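Q: Have a look at the structure that comes next, please.
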Amino acid sequence: MPSQILFSLVARGPVVLAECSTVSGNAIQIAHRILEKMPTTDTRVSYTQERHMYHVLIVDGITYLCMSEEGFGRRIPYAFLEDVKNKFVTTYGSAAMNAVAYEYSTDFSRVLEQQMDYFSNDPNADAITRARGGIAEVKNVMIENIEKVLERGERIELLVDKTDHLSSEAFMFRKEARKLRNKMRWKNIKLALIIALIIFVIVMLITAFVCGPTWSKCSSKKNHHRGLL
C-alpha cells in the first residue's frame, strides 16, 4: 500500500474542533497528547514515532495536525496542512476562537477526509505543490524520542521545519540581487557619464590648444578667409 496521510485534526490549543482517522490504535491518543505539549505561538514542527510522523502547523492560535507514514516525506503533508488551514479559515474565520470541542467535526471532518485522500493518492497533489514552489523539506535540528516527551518530556525525535527561515533567506537573496543589479546599472551609467565628460574635456583642450584659450586663432583665421573671399 502506498504511503499516505492516515490521520488529521484541527484544534485550538488542546480543544479538538474536528478530526478524521483512517486507522485504529493509539494514533488519536498520541496526537491529543502532542497537542498538550504545543505552544500557542505560530509553529511548524514534525515528530517521529516508530514508522509514523506527526506534522504540526500552528497559525493564529489554531493547530493543524496530521499523521503520515514516515516514508511519505514532509513536503506533501505540509502542503495538506496548508490546504486544510486555508479551507478552515475561509469557512469559519474568527468564530473558531470561541468554538467548543468537536463543534465542526460533522462538517469539516468530511473536508479532512477528502483532502487526506487527495493528497495521499492523487499524483497531481505533489505536482501542484512542486509547481507552486512546494514547501521546502524540513531540516533536522534536534533529535529526541516521542515516548519520553509524552511520558517524561524527554524521548522524541523533534524535526523543526526551517521552511520559513529558508523562505526568508530566499527573499533576502532576491532583494540583495535586485539591489546589486540596480547598483551595477547606476555604476555603468556613471561610468558612461564620466567617459563622456573626459572626452568632452579632451576635445575642449585640443580645441583650446589649436585655437587658443579665447578661440582667437580660429576666429582670426576665419575672418582672414572671409577677407580673401
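The backbone N, Cα and C atoms fix where each Cβ goes, and this holds for glycine too.
Where the annotation comes from TrEMBL, it is an automatic prediction and has not been curated.
Sharing the features that TrEMBL gives for it:
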- 1-18: signal peptide (SIGNAL)
- 9-112: domain 'Longin' (DOMAIN)
- 127-187: domain 'V-SNARE coiled-coil homology' (DOMAIN)
- 191-215: transmembrane segment (TRANSMEM)
Q: Residues sitting near the signal peptide (1-18): Cβ under 8 Å, six or more positions beyond its termini, same chain?
A: 27-28, 31-32, 35-36, 38, 40, 52, 61-73, 76-77, 80, 84, 88, 96-97, 99-105, 107-109, 112, 115-116, 119-121
Q: What is the average pLDDT across the domain 'V-SNARE coiled-coil homology' (127-187)?
A: 56
